[in-house]
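Notes to accompany the following structure.
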């Protein structure tokens, strides 16, 4: 069984992330969505909230396939976390050339540290290319409509975080 490891902050999960996850299930039988925990950062959503939003979003997008996806936390090197979960593929989504430049550097370093783990780049669909979790958080915080960029569960969670 091929296991893929999809690391990110997912703060929050966006339609772009969901798009990449749908594609990832075409190249791996199992996908581990790995939420990075970084002590110096203050995410909008806690790990538990992010994990639940991922589960709810995927249940809607992939009915019947969520058993092939596991959500975990990690706070170490991506390749070490992937290896600990038995993954042989790293999944990375690409929106544009800027992402490609950065991700190629990361893939090279990961390959040097873990030649047994391959990085797979999955292109974002046209509709999800402009979406970033950072922009979603900023727009939502200012009362903007982010419904086109996030799954319904995330929209509801963002709305509940907005000050009245």
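The backbone N, Cα and C atoms fix where each Cβ goes, glycine too.
In sequence order, 35, 36, 38, 41, 43, 50, 133 are the residues near residue 9 (substrate binding site), counting only same-chain partners six or more apart with C-beta under 8 A. Per Swiss-Prot, substrate binding site is recorded for 9, 41, 78, 92.
Residues annotated as ATP binding site in Swiss-Prot: 9, 10, 17, 93, 94, 95, 103, 128, 129, 130, 131, 132, 133, 134. Long-range Cβ neighbours of residue 129 (ATP binding site) (same chain, at least 6 residues apart, Cβ-Cβ under 8 Å): 16, 95, 96. According to DSSP, residue 129 (ATP binding site) is assigned to coil rather than to any helix or strand.
The Cβ of residue 17 (ATP binding site) lies under 8 Å from the Cβ of 8, 10, 93, 133, each on the same chain and at least six residues away in sequence. Look at Swiss-Prot and you will find 17 tagged as site 'Transition state stabilizer'.
Working note on the binding-site residues 41, 92: by count of other C-beta atoms within 10 Å of each C-beta, 92 ranks first. In the three-state DSSP scheme, residue 78 (substrate binding site) falls into the helix class.
Nearest to residue 78 (substrate binding site) in space, judged by Cα atoms and limited to the binding-site residues 94, 103, 131, is 103.
Around the Cβ of residue 131 (ATP binding site), the same chain contributes 14, 15, 16, 95, 124, 149, each under 8 angstroms and 6 or more positions distant in sequence. Cβ contacts within 10 Å of residue 103 (ATP binding site), excluding its own Cβ and spanning all protein chains shown: 17.
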